Amino acid sequence: MKISVLTLFPHMFAGPMGESIIGRAVDNNLLELNLMNIRDYTKNKHKKVDDYPYGGGAGMVMQADPIFNALESIDTKNSRIIYMTPKGKVFNQDLAIEFSKEEHLVFLCGHYEGVDQRVIDHWVTDEVSIGDYVLTGGELPAMVMIDSIARMIPGVLGQKVSYMDESIYSGLLEYPHYTRPSEYRGMLVPEVLLSGNHKKIEQWRMDKSLEITREKRPDLYKKYKKL
Ligand code: ADE
């Protein structure tokens with residue numbers, strides 16, 4: 001999969017997208033990350049990318065021309081063009097799975113008061129929010145989405161780790177995990193996990209998942225019970 005990111009702050013992506021699982025996905029060519037600095041697509045001497053809003057008001061608006069130029073410089077025929085905004089539909093695991101099946105995703109990161117509406121009207125296929133709170137720009141939401149989308153690409157998670165077993169995907173929250181030592185400062189690992197009895201362990205994990213979901217996310221629990 002290819003992911004293009006249009007941003008005024010490409011350096012923000014270098015650390016988070018260069019480490020651990022996502023960094024490895026890039027190194028192994030499972031994910032191609034194309035960071036594009038919108039400022040490189042200005043045609044004015046001062047590389048200006050924003051201006052005051054028509055009609056007045058606080059803040060600056062990102063101008064259409066550099067963004068149009070940037071988008072016209074790449075192939076977007078078969079691309080989803082995603083604009084991160086609190087006005088968008090709220091991101092979730094189903095949307096991560098849907099996006100992970102695409103060939104090319106383009107993330108347009110707004111900053112300041114956002115981008116000229118004509119960019120959205122002309123180019124954007126999906127407006128997405130990562131939750132009901134307001135951030136200073138679309139870069140962090142883009143990274144959150146890229147992380148959750150990239151891990152769904154076949155081969156990105158190790159063979160042994162399957163997202164199908166885990167929290168949310170299954171409709172339940174995950175059971176607790178423990179590792180060595182079996183006793184730490186007087187606190188013990190549940191006996192059943194040391195038993196070697198896989199059937200019993202599976203049953204315990206399922207019971208815990210149900211219990212935790214009922215307690216912490218009654219909304220998910222109700223949905224699961226109705227399935
Ligand atoms: N830009 C600013 N706040 C945002 C949010 N909550 N989700 C997506 N994009 C944003």
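Just so you know, glycine gets a Cβ as well, placed from its N, Cα and C.
Annotated features, as they stand in TrEMBL:
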DOMAIN    1-223  domain 'tRNA methyltransferase TRMD/TRM10-type'
BINDING   Gly110, Ile130, Gly131, Asp132, Tyr133, Val134, Leu135  S-adenosyl-L-methionine binding site
Near Asp132 (S-adenosyl-L-methionine binding site), which residues of its chain come within a Cβ-Cβ distance under 8 Å, counting only those 6 or more away in sequence?
Pro86, Val90
Can you tell me which of Ile130, Gly131, Asp132, our binding-site residues, come within under 6 Å of ligand 1 at the Cβ?
Ile130, Gly131
If one looks at the chain holding Val134 (S-adenosyl-L-methionine binding site), which residues at least 6 apart in sequence have a CB under 8 angstroms from its CB?
Pro86
Could you check the binding-site residues Ile130, Leu135 and say which one's CB has the fewest neighbouring CB atoms inside 10 Å?
Leu135
The domain 'tRNA methyltransferase TRMD/TRM10-type' (1-223) [mean pLDDT, rounded to integer]:
95
In sequence order, which residues at least six apart in the same chain have a CB under 8 Å from the CB of Gly110 (S-adenosyl-L-methionine binding site)?
Met62, Tyr83, Met84, Thr85, Gly137, Gly138
Let's check the environment of Gly131 (S-adenosyl-L-methionine binding site): how many other CB atoms sit within 10 Å of its CB?
11
Largest CA-to-CA spread of S-adenosyl-L-methionine binders Gly110, Ile130, Gly131, Asp132, Tyr133, Val134, Leu135, angstrom:
17
Report, as a single number, how many Cβ atoms besides its own are within 10 Å of the Cβ of Tyr133 (S-adenosyl-L-methionine binding site).
7
